[in-house]
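These notes are about the structure you will find just below.
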């Protein structure tokens, strides 16, 4: 449960237009999405993005470009010589690609980076008058008690103390937001994984940490003040709390989507079982195939949704 004073907001009708939790934006004559190098005064957002129904976000620009190429083929929208230019080519902060109703955006690494991106992404969808939008984070993670290559569909994002909340300091005050993810979307993604039958998929909680090393109980960082025994006790406690993987973006992703009433999911592949080690040592070609698994699952989900529309 979120602590007293936690902000919660039930998602509205999924076909509703995207809304903001900020009354100031509507009064602005121009909204500059600085980190996207886009502006409402220089770009026609409804024309560029008004048909978007699915937004997929992931860490690296190259992975998100690969995803949009994959989706284009899956949806029959690809053609010989097709190019997928970076819509955010005016900046090197983030990359954005589009094909049909699908938008693919990179978010960098960690909570601050994805949070900045999400503020501008949700505003973009608002200015474009988008409706019925689903957001999905696809990425990599460290598994807890699951075999490498497993895909984890997140039920709830939790912090390093296993609390189901995202905390931020706003104007010197502690603001806590709910991190629950859409139940219907979780079950639909489980069904899509069963349709594919290509890789193990589990539903569980995802622990979101502030860094890759100490925050995740690793022994191989530049700093470490605990022993192997302490690490194992912590990770086993996490497993008992229903946590099946660890990454660095899910809590703020869930919190911001919740606050704006957006249907959202997190789908990450595990690159290793953290109960068995800290370093990622699988061959490059194996890791590449692992990273394609969330893309294949989410691509199948999008294709299925569009076929049923």
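The backbone N, Cα and C atoms fix where each Cβ goes, and this holds for glycine too.
What TrEMBL records for 53-303 is domain 'Nucleoside phosphorylase'.
What TrEMBL lists as phosphate binding site is 93, 137, 138, 139, 140. The C-beta environment of residue 137 (phosphate binding site), restricted to residues of the same chain at least 6 apart in sequence and closer than 8 Å, consists of 56, 57, 58, 107, 114, 249, 250, 253, 264, 265, 266, 267, 268.
Its Cβ placed at the centre, residue 216 (substrate binding site) has 23 other Cβ atoms within 10 Å. Residues or ranges marked as substrate binding site by TrEMBL: 216, 218.
Residues 93, 137, 138, 139, 140, recorded as binding phosphate, reach a greatest CA to CA spacing of 20 Å.
The average pLDDT for the domain 'Nucleoside phosphorylase' (53-303) in the predicted structure is 97.
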